[in-house]
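S.K.: Below you will find the structure I want to go over with you.
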Amino acid sequence: MSTDAAEAVPAAVAPAKRAPINKYAFACALLASMNSVLLGYDISVMSGAQLFMKEDLKITDTQIEILAGVINIYSLFGSLAAGVTSDWLGRRYTMVLAAAIFFTGALLMGLAPDYAILMVGRFVAGIGVGFALMIAPVYTAEVAPTSARGFLTSFPEVFNNFGILLGYVSNFAFARLPVHLSWRAMFLVGAVPPVFLGVAVLAMPESPRWLVMRGRIDDARRVLRKTSDSDDEAEARLLDIKKVVGIPEGVSDADDVAAIVRANNKNSRGDGVWKELLVNPSRPVRRMLVAGLGLMFIQQATGVDCVVMYSPRVFERAGIKSKTNSLGASMAVGACKTFFIPISTLLLDRIGRRPLLLASGGGMAIFLFTLATSLHMMDRRPEGEAAALGAVSIAAMLSFVASFASGLGPVAWVYCSEIYPLRLRAQAAAIGTGLNRIMSGATTMSFLSLSNSITIAGSFYLYACIAAAGWVFMYFFLPETMGKSLEDTAKLFGKDADDEDAVVAAGRHERKKSSTELVTAQH
């Protein structure tokens with residue numbers, strides 16, 4: 001399916017010499033992606049904070065497990081709300097809202113006197129995380145020029161991993177404080193980045209695609225000229241966006257046309273989109289959902305957040321007994337993710353999405369199987385003979401993290417921000433983000449119980465099988481999107497995508513014609 005469909009879509013013609021990265025688009029992507037620091041920090045800081053919270057608040061492993069993973073369930077509500085909010089308020093103000101909500105949640109967690117208030121703080125922080133996680137890749141994909149879209153859209157995952165590293169550093173830095181202060185300091189430090197992020201985002205332009213949906217054609221043109229490689233590309237991108245929104249080619253974008261667009265685009269606020277996505281999707285939309293949701297499921301079902309959040313326990317099982325040493329070793333996980341993610345960032349627009357996804361998925365399956373086998377063999381050997389197996393376990397865990405960071409981690413977000421048509425993009429991305437958070441919550445909230453039931457080795461065997469099945473899915477269901485404009489990418493998922501767009505455009509053209517005739521008659 002993917003090969004034939006891909007051949008039917010005209011690929012962008014590569015210039016003889018790769019154009020330099022547009023500095024303005026680079027700055028916009030950088031600022032937008034910094035929101036992802038919030039999620040990464042929250043996940044990793046919990047890995048160390050839980051050790052001290054358990055001792056200070058006298059809570060059980062089950063309570064820790066729920067507290068650690070429930071933020072992902074809470075973020076589901078944030079990501080779904082962000083889809084509607086980003087179409088209503090705009091992409092930019094949605095990012096400001098995300099920073100404000102997370103700031104409030106971090107304060108509540110850091111100052112919580114008991115477990116109940118901690119849960120309230122996790123809920124508020126989770127809403128903020130859901131907003132940030134959904135909006136950053138959508139905004140970046142809509143601002144970035146085609147030549148650098150993969151590179152720039154991978155930035156959210158880069159900053160997510162940077163946040164993970166900061167969380168581990170925070171764990172290690174505050175581990176020597178008194179028990180009742182250490183975990184509080186770890187959470188309160190997380191309230192600092194949102195302040196700077198909320199202010200920095202205000203300096204960014206709004207998404208040109210959102211501006212067109214609101215009939216602000218001139219504003220969109222100004223943004224596109226700043227974020228495109230040339231004025232010709234800016235006009236071509238604007239023409240594509242106007243076509244999808246429903247402005248026929250050759251029609252003036254004067255104020256009267258803009259007013260008609262605003263009147264005819266009530267759907268841009270989300271009206272009817274959920275029905276088109278979930279109740280009666282067309283064949284191309286259904287294929288997009290299978291590809292996007294499947295990829296989001298695989299990304300989290302392989303247990304990467306369990307490795308991040310419970311790395312001190314895995315290191316302890318591998319032979320590192322000291323609490324301080326295990327926290328120090330956990331920093332290697334954050335450093336590994338941060339170091340390897342530039343591989344995919346630099347190669348996304350050179351070799352494509354599919355090769356990176358397949359190489360990453362295969363490596364993850366192999367290293368998870370190696371990790372599970374080494375941990376399983378350690379159970380059968382005397383402690384003195386298990387040192388070498390412990391080293392293999394640690395190496396396999398870090399290699400798994402490296403495989404994830406160099407492919408599936410960032411590329412999944414890039415891919416899912418590209419494949420949906422404009423009218424569905426925000427809500428479809430919200431659904432994908434919601435599924436991603438549900439799976440993250442399900443794995444992190446069940447890891448300790450699962451490990452007690454089938455051992456840690458058994459848990460990683462299960463994740464290895466999921467990674468292997470995910471590789472098969474990616475091979476057969478994901479077409480290559482490199483070099484395609486956002487407006488052309490939808491055609492990869494079925495020949496009737498063109499027909500559907502034509503029908504929609506024709507219907508809107510008739511409505512515009514009627515509206516124009518009415519205005520003329522009134523004058």
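Glycine is treated like the rest: Cβ placed from N, Cα and C.
The domain 'Major facilitator superfamily (MFS) profile' annotation in TrEMBL covers 28-482. For 504-523, the entry in TrEMBL reads region 'Disordered'. According to TrEMBL, the feature transmembrane segment maps to 24-46, 66-86, 93-111, 117-139, 151-169, 181-204, 288-310, 330-348, 355-375, 387-416, 460-478.
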S.K.: So if I exclude everything within five residues of the ends of the transmembrane segment (117-139), which remaining residues of that chain have a CB under 8 angstroms from its CBs? That is, six or more out.
M.R.: 28, 32-33, 35-36, 38-39, 42, 53, 57, 67, 70-83, 85-86, 91-92, 94-95, 97-111, 153, 155-156, 187, 194, 207, 413-414, 416-417, 425-426, 429-430, 433-434, 436-437
S.K.: Hey, does the transmembrane segment (460-478) touch the transmembrane segment (24-46), meaning at least 3 C-beta pairs closer than 8 angstroms, sequence gap 6 or more?
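M.R.: Not in contact, no.
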S.K.: Counting only residues 6 or more past its boundaries, what in the same chain has a CB within less than 8 Å of a CB in the transmembrane segment (93-111)?
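M.R.: Contacts of the transmembrane segment (93-111) (Cβ under 8 Å, skipping residues fewer than 6 from its ends): 32, 35, 38, 78, 82, 85-86, 117-118, 120-129, 131-132, 135-136, 139, 184-188, 190-191, 194-195, 197-198, 201-202.
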S.K.: Taking contact to mean 3 or more CB pairs closer than 8 A (sequence separation of 6 or more), are the transmembrane segment (387-416) and the transmembrane segment (66-86) in contact?
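M.R.: By the criterion, they do not touch.
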S.K.: Would you report the average pLDDT that the model assigns to the domain 'Major facilitator superfamily (MFS) profile' (28-482)?
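M.R.: Residues in the domain 'Major facilitator superfamily (MFS) profile' (28-482) carry a mean pLDDT of 84 in this prediction.
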S.K.: Counting only residues 6 or more past its boundaries, what in the same chain has a CB within less than 8 Å of a CB in the transmembrane segment (66-86)?
M.R.: 39, 42, 46, 50, 53, 59, 94, 97-98, 101, 115, 118-119, 122-123, 125-131, 133-135, 138, 210, 269-270, 305, 309-310, 426-431, 433-434, 437-438, 440-447
